[in-house]
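See structure below.
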Amino acid sequence: MNNDKRPLYIPYAGPALLETPLLNKGSAFSIEERMFFNLEGLLPEAIESIEEQTERAYQQYQKFDKDMDKHIYLRNIQDTNETLFYRLVENHITEMMPIIYTPTVGAACEDFSNIYRRGRGLFISYPNRDRIEDMLNNASRQNVKVIVVTDGERILGLGDQGIGGMGIPIGKLALYTACGGISPAYTLPVVLDVGTNNPQRLSDPMYMGWRHTRISGQEYDNFVDEFIQAVKRRWPDALIQFEDFAQKNAMPLLERYKNKICCFNDDIQGTAAVTVGSLLAACKAAKSKLSEQRISFLGAGSAGCGIAEAIIAQMVSEGISEAQARSQVFMVDRWGLLIDDMPNLLNFQQALVQKRDTVNEWDLADNNVSLLDVMRNAKPTVLIGVSGVPGLFSEDVIREMHAHCKRPIVFPLSNPTSRVEATPADIINWTDGNALVATGSPFEPVVHNGKTYPIAQCNNSYIFPGIGLGILAVNARRVTDEMLMASSRALAECSPLAINGHGALLPPLEDIQKVSRKIAFAVAKKAIEQGKAPKNSDERILDKIDANFWQSDYRNYKRTSF
C-alpha cells in the first residue's frame, strides 16, 4: 500500500463505500478504516494487500477460457474496485489489453445489451436533449478532465452498434489510465444515443438504446452542439476525444470544433499519429527517410485520408515540397485509385487524388485502377490498409510489391482481427521475411525459416494516453497538428528495431507507461511552444507529468462528516 500521499477524506461509509468503485478497497481496508467507516462485519476477517488481491483476481481470470468471459470478468472488477482493476491490468498489460480493448471489445459492443451489468458513464439520448445539462450534473465523476464520446455509428470495422458503442469509450478511458496514468476519477465515457440503423439492434428485444432510426442532418448537428456547449459550461477545460463517428460526421465535427475547444478525433488524428510514428521507425530501420517513400493506401475514408495528410506533413518537414509529397501518395478505395476527374469525391479526398494525365501513362487494362495496378505502375514502398475488409492484401499484391522493393513496409491496420487485410504470417512468407509489418490488432510472432519476427501492434494506445497526459500536465487549451506530429516523433524514438536493429517496430506494451511519459513531454513542450499552454521549463513539465501520473495504489482514508 502506498502511504506516501496525504490521506483522502471520505464522505461515505458502510455499504455505500463498498459500492463506490473509485474508493472501494475490499479486503484491503485496515482495522482502523473498518472501524471508522462502519465496515465491521461487512468484509471477511483477513486484511490483504493489493498484491494479494491481484493474485486472487488473476487466478480467477485464468479460469475463463473464452475472451468474452474474461472481458466481462474484468469489467466487473472495474465496476467494483477500480484500483484493483488497474493494478491487475498493469501487471498483465500484454495479456489483458486485447481483452479490455481490441479485438474483444468489438464483440462486447455487439453484445452490449446482453452482457450489461451496471451503468458506467453517461447515456445521452436524443429524446432527452432538453436535459443534457442535468445529465452531466448526474455524472459520478465531478472533476472530469478527459471525455471520450461516440455516437456508436462506426464501431471498429463492425458498423452501427447504437448504444453498444459505449464499450469503446469505456475501453479507451481504461487505457488512458493503464497506459497514460490519468486518474480514473478524471475520466468520463459518453455515448450519444441518436438511434441506430442496424436492423439487428432495432429488432433485438434486449436492446437497451433508443429504438429509433438515426437522426441526421441539422437535427444531429444541433444535438451534438448542445452536448459540446453543455460540456464547455460544466467542465470548460476538459479534453474531448471523438471516437468511432461515421465518416460523414467525423471530419466535419473535427473541423467544426478543433479550433474552439480542446478536442481531437482518435480515428483520424490518433491513428495518423501512431502510423506516422511507426513509419518513421520503419524508415530508420530500412535506412531511408519517409520523404523518399511511395505510399499506397487501401481505404480512402476519413481515417485513411487523415493518415495520408499526416504523412504528407511529415514528408514536407523533411524538406520536399507539398506537391511532391502528394504525388507520392496513392489512395485506393472500393472504386479504385482516386483520380482528379472522378465524380462524387468527398471534400477530404480531393487533395489526395492523382492526376489523370499521370495515370494515362500507366499500363492499364481499363479505367478502374486497382490496387494491383498501383503496385505495378507506381511501385509503392509502403502499403497501408484501413479498408475494414479482410484479405484484400492478396498474395499477388504483396509479391508484386516485393518485386520492386527489397524491404516493403506493410501495415494492415483494420480492426478487429477478423477484418485485417492480410495476416502478418502471409505477408512475411510472401516476402521471404523481408517485410516490415505492423498491424492494428494483436498478432503472435511469426516464425519463418527458423527466424522469429515480432509483430508490432500499430495501435492508438501508444499515442492517445500520452497526448492526454501531456495536455493535462500543462493545461493545454487546444490539440494542434504540430502536437500530434511531436507525438509521432517521440514514439519513433522508442522503436527497438530502429534503435537496436532488431525486435519489433514498436516497444513492448510492458514499456507503454514510459512511452506515454515521453510522448506527454513532447506534446506538452510543443503546446507551450505554440502558445497553447502556459510557459513552463522542461524540468517543471516533467514534474507536472509526474504529479498527474496516477498510481494504482490504495490511499489512506480519513472520515469526514456524512
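All residue numbers here begin at 1 and follow the chain in the order shown.
Positions of Cβ are set from backbone N, Cα and C atoms, glycine also.
Lifted from Swiss-Prot, the feature list:
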type	residues	note
ACT_SITE	Tyr101	active site, proton donor
ACT_SITE	Lys172	active site, proton acceptor
BINDING	Arg154, Asp267, Asn415	NAD(+) binding site
BINDING	Glu243, Asp244, Asp267	divalent metal cation binding site
SITE	Asp267	site 'Important for activity'
Residues near Asn415 (NAD(+) binding site) in space but at least six apart in sequence (CB under 8 A)
Thr102, Pro103, Gly106, Leu156, Gly157, Gly440, Ser441
Do me a favour and check the Cα-Cα span between Asp267 (NAD(+) binding site) and the residue listed as 'active site, proton acceptor'; whole Å is fine.
12
If you measure from the C-alpha of Arg154 (NAD(+) binding site), which of the recorded positions Tyr101, Lys172, Glu243 fall inside 10 Å?
Glu243
Just checking the recorded positions Tyr101, Glu243, Asp244: which sit within 10 A of Lys172 (active site, proton acceptor), CA to CA?
Tyr101, Glu243
Validating a neighbour-count step here. Other CB atoms within 10 A of the CB of Arg154 (NAD(+) binding site): how many?
25
May I ask which residues of the same chain, at least 6 positions away in sequence, place their Cβ under 8 angstroms from the Cβ of Asp244 (divalent metal cation binding site)?
Thr150, Asp151, Gly152, Glu153, Arg154, Ile155, Leu156, Gly165, Ile168, Asp267
Compute the C-alpha separation of the residue listed as 'active site, proton donor' from Glu243 (divalent metal cation binding site), stating it in Å without decimals.
14
Asn415 (NAD(+) binding site) in three-state DSSP notation:
coil
For the NAD(+) site built from Arg154, Asp267, Asn415, further residues of that chain with CB within 8 A of the site's CB center
Ile155, Leu156, Gly157, Asp244, Ala303, Gly388
Which of the three DSSP-derived classes (helix, strand, coil) applies to the residue listed as 'active site, proton donor'?
coil
